[in-house]
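Reading through the structure tokens given below for one structure.
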Amino acid sequence: MTASRTYGYLYRAVSKFQLPLQYSLSQNLSLSKDNHMGKVKIGINGFGRIGRLVARVALQRDDVELVAVNDPFISVDYMTYMFKYDSVHGQWKHHELKVKDEKTLLFGEKPVTVFGVRNPEEIPWANTGAEYIVESTGVFTDKDKAAAHLKGGAKKVIISAPSKDAPMFVVGVNEKEYKPELNIVSNASCTTNCLAPLAKVINDRFGIVEGLMTTVHSITATQKTVDGPSSKDWRGGRAASFNIIPSSTGAAKAVGKVLPALNGKLTGMAFRVPTVDVSVVDLTVRLEKGASYDEIKAAIKEESEGKLKGILGYTEDDVVSTDFIGDNRSSIFDAKAGIALNKNFVKLVAWYDNEWGYSSRVIDLVVHMSSVQ
């Protein structure tokens, strides 16, 4: 996720010395709530935007148990504050949150161990029972780096970002291809999680010859509040709250990795816009099998109420972006926003909460992985 990249800058900038602090589940999926040992025990590395929201999702579910968090850059007091108060998703109200000591947070009566370890291989996950680690720093996104968590006792690592070499899974699209021997996986990006279910339905029903995607994407933590240096992306260095900023994204191409039938058929770009959450995908495709727009809508609606229920949504309401803050679905098709030039050339529009929806899928993927061990 792009929102977690800000931790990348911190990890690279910090000195070599360690700092001193040691119901979203898709109804169509066969995900067991409990593995053989009870709830799935998870740890989170990196308590940024996605790390905190993954924690919020986990703490509201009865099939996972958050047992540990690692972040070398914040104290437990500040961690408590950042978790409790959120400008987008509101104040945490589900459990009383307090600091037990410098290494323990209490969510109600539930203790969560806190580490402040910089190097992943040194995080003692095994001491807490954490088996599935959500890697959400934005730094350790390739297999070798993420595998460092295994040295601390983790069994599996789920990267909350695209990865150049770890297999990517999108729940509702290709998660059934996961095999127990895979220890390091990626949950892809928020945009890929929005695009892939929609593209799957269209390709399965009508066939996609080729297509272009644009995501109109909310700002993320890597952008600048005012104009600042950004040597690799000059436009990306301009003030986020004052501009519509064209940007690159690999989300469309990544669909080809989770849906091989679409490999080489999709590409895309992004516009970063001055909203704090919720983004929207514009998918324009040429179809193999001609269909009216009403037929396309009917196909998407059918899938949203069937196999992809809880993952793909459908609406005919006159919605805007803020209507989807806190929506845990990956992709919500906006039937009124799309258009068709003819029966073979259409533009489809789908909304997504790029923070909450994505974080919900991270936990869904963890539970699915546990269920097939």
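Just so it is clear, glycine is given a Cβ too, placed from its N, Cα and C backbone atoms.
All annotation found in TrEMBL is predicted automatically rather than curated by experts.
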Worksheet item: TrEMBL has Arg49, Ile50, Asp71, Arg118, Asn354 binding NAD(+). Which one of Ser160, Ser321, Ser330 is in the same site?
Response: Ser160
Worksheet item: Looking at TrEMBL, Ser189, Cys190, Thr191, Thr220, Thr249, Gly250 are annotated for D-glyceraldehyde 3-phosphate. Which of Arg205, Arg272, Arg286, Arg329 sits in that same site?
Response: Arg272
Fill in: Lowest local Cβ density (other Cβ within 10 Å) among recorded positions: Arg49, Arg118, His217, Arg272
Arg118
Response to the item:
Cβ neighbour count (10 Å, all chains) around Asn354 (NAD(+) binding site) is 27
Worksheet, complete the sentence: Taking every pair from Arg49, Ile50, Asp71, Arg118, Ser160, Asn354 (the record's NAD(+) binders), the biggest C-alpha distance in Å rounds to 27
Item to complete: Between any two of Ser189, Cys190, Thr191, Thr220, Thr249, Gly250, Arg272, the residues recorded as binding D-glyceraldehyde 3-phosphate, what is the biggest Cα to Cα distance in Å?
Response: 16
